[in-house]
Amino acid sequence: MAIKLIVGLANPGAEYAATRHNAGAWYVDLLAERLRAPLREEPKFFGYTSRITLEGEDVRLLVPTTFMNLSGKAVGAMASFYRIQPDEILVAHDELDLPPGVAKFKLGGGHGGHNGLKDIISKLGNNPNFHRLRVGIGHPGDKSKVVGFVLGKPPVSEQKLIDEAIYEAARCTELWFKEGLAKATSRLHTFKAQ
């Protein structure tokens, strides 16, 4: 099944743009830039969108302008309008359980406490079987510090690692369309920025 919608999760507004919780949007922004397809605000989809062609496949890009916990509103609207099935969607999000410098593809699973994923699962009819790109941001080490951590900006050294992982993820996304998910996954999962 080809991917028809790539989503980058984020909170809207300049004050959140550089926070760890917006790592998914950094990836979609990079894809849009690499493929010369600038994102434009499209109110009916509650987000910034663009249309790209990857290996002959028509793909939509989406960065919701809702707050993170309402991401499903944007994803659901676009999936419904274009008749896109959950397994044709790739959602990029920040991942506490991976260190900065690592990104991994995954199909399905729970939301792991991520409010963006939780809302998307709910708005897709409680179907969790969409693809994810998990962008490692690391963990603060204490559950009570998670909210402040994801809404904080990474130090320059960590930002560099996250950016490198996102670059590799963008290259591997293009590889996925060229040579399949298995090859793309194998390459991405052996990458670790130094």
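Yeah, the Cβs are placed from backbone N, Cα and C, and that goes for glycine too.
Feature annotation from Swiss-Prot assigns active site, proton acceptor to His21; the stated evidence is sequence analysis. The tRNA binding site annotation in Swiss-Prot covers Tyr16, Phe67, Asn69, Asn115. Sequence annotations record features per position, and here Swiss-Prot assigns site 'Discriminates between blocked and unblocked aminoacyl-tRNA' to Asn11. For Asp94, the entry in Swiss-Prot reads site 'Stabilizes the basic form of H active site to accept a proton'.
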What does DSSP assign Asn11 (site 'Discriminates between blocked and unblocked aminoacyl-tRNA'), in three states? coil
Among the recorded positions listed here, Asn11, Asn69, Asn115, which has the most company in the form of other Cβ atoms within 10 Å of its Cβ? Asn11
Please compare the recorded positions Phe67, Asp94 by how many other CB atoms fall within 10 Å of each one's CB, and tell me which has the fewest. Phe67
Need one number for the tRNA-binding residues Tyr16, Phe67, Asn69, Asn115: the maximum pairwise CA distance in Å, whole number please. 16
Not counting Tyr16, Phe67, Asn69, Asn115, residues with a CB within 8 A of the CB centroid of the tRNA site are Asn11, His21, Thr66, Met68, Leu70, Ser71, Gly116
Cα-Cα distance linking the residue listed as 'active site, proton acceptor' and Asp94 (site 'Stabilizes the basic form of H active site to accept a proton'), given in Å to the nearest integer: 6
